Amino acid sequence: MVSARDPDITSDFVIPANVTSPVDGNFFTFTAIRALVSAQPPPNFKVLKASVAEFPALNGQSVSLAVLQFPAGTTNPPHTHPRSAELLFLVQGSLEVGFVDTTNKLFSQTLQAVDMFVFAKGLFHFQYNADAQKPAMAFSAFGSANAGTVSLPVTLAIHHKH
């Protein structure tokens, strides 16, 4: 059996070796999301990650977050997170979401603001803002400080109707 998860730590938190100053509350604070409060929606789909790479205080804590910004008509292409499930909370707009399980069955749903949807660990999934006029924004929580992302090549994700 193969398992992929964050290692358990034997201390309250992990201080990276490159941090030489005393640790205070600033070390445990991530402020990059503040910029989104008054910002206009981006022209293309955009992800702002708060994983261990961007927020070192997450090391050993088995959590991370991503803010997903969907301008009108944009897609987060099919991908998977090999080290974590994803809990998506839709803050604004609507999204078409779905995943394919290991029996090749598609589970899909249309979400409205304040709905949540869970994508099981390691399964390919997608999110699509089908609204041609309005943006959507979601927060995704992960049970890993580094959930990892494996993208499906766009050429495999395109479905042609004949």
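Indices start at 1 and increase along the chain as displayed.
Heads up, the Cβ atoms here are built off N, Cα and C, so glycines get one too.
In TrEMBL, annotation is done automatically, which means it is predicted and not curated.
What TrEMBL records for this protein:
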- 34-158: domain 'Cupin type-1' (DOMAIN)
- Asn76, His81, Glu86: oxalate binding site (BINDING)
- His79, His81, Glu86, His125: Mn(2+) binding site (BINDING)
His125 (Mn(2+) binding site) to Asn76 (oxalate binding site) - Cα separation in whole Å: 9
Listed in sequence order, residues not in His79, His81, Glu86, His125 with Cβ within 8 Å of the centre of the Mn(2+) site Cβ atoms: Thr80, Phe99, Phe119, Leu123, Phe124, Ala147, Thr149
Counts by DSSP class (helix H/G/I, strand E/B, coil) across the domain 'Cupin type-1' (34-158): 10 helix, 56 strand, 59 coil
Position of peak Cβ density within 10 Å, selected from the binding-site residues His79, His81, His125: His81
Check: same-chain CB within 8 A of oxalate site center, minus Asn76, His81, Glu86: Ala66, His79, Thr80, Leu88, Phe119, His125, Gln127, Ser140, Phe142, Ala147, Thr149
Rounded distance in angstrom between the Cα atoms of Glu86 (oxalate binding site) and His79 (Mn(2+) binding site): 12
Tertiary neighbours of Asn76 (oxalate binding site) (same chain, Cβ under 8 Å, six or more apart): Phe45, Val47, Leu68, Phe70, Phe126, Gln127, Tyr128
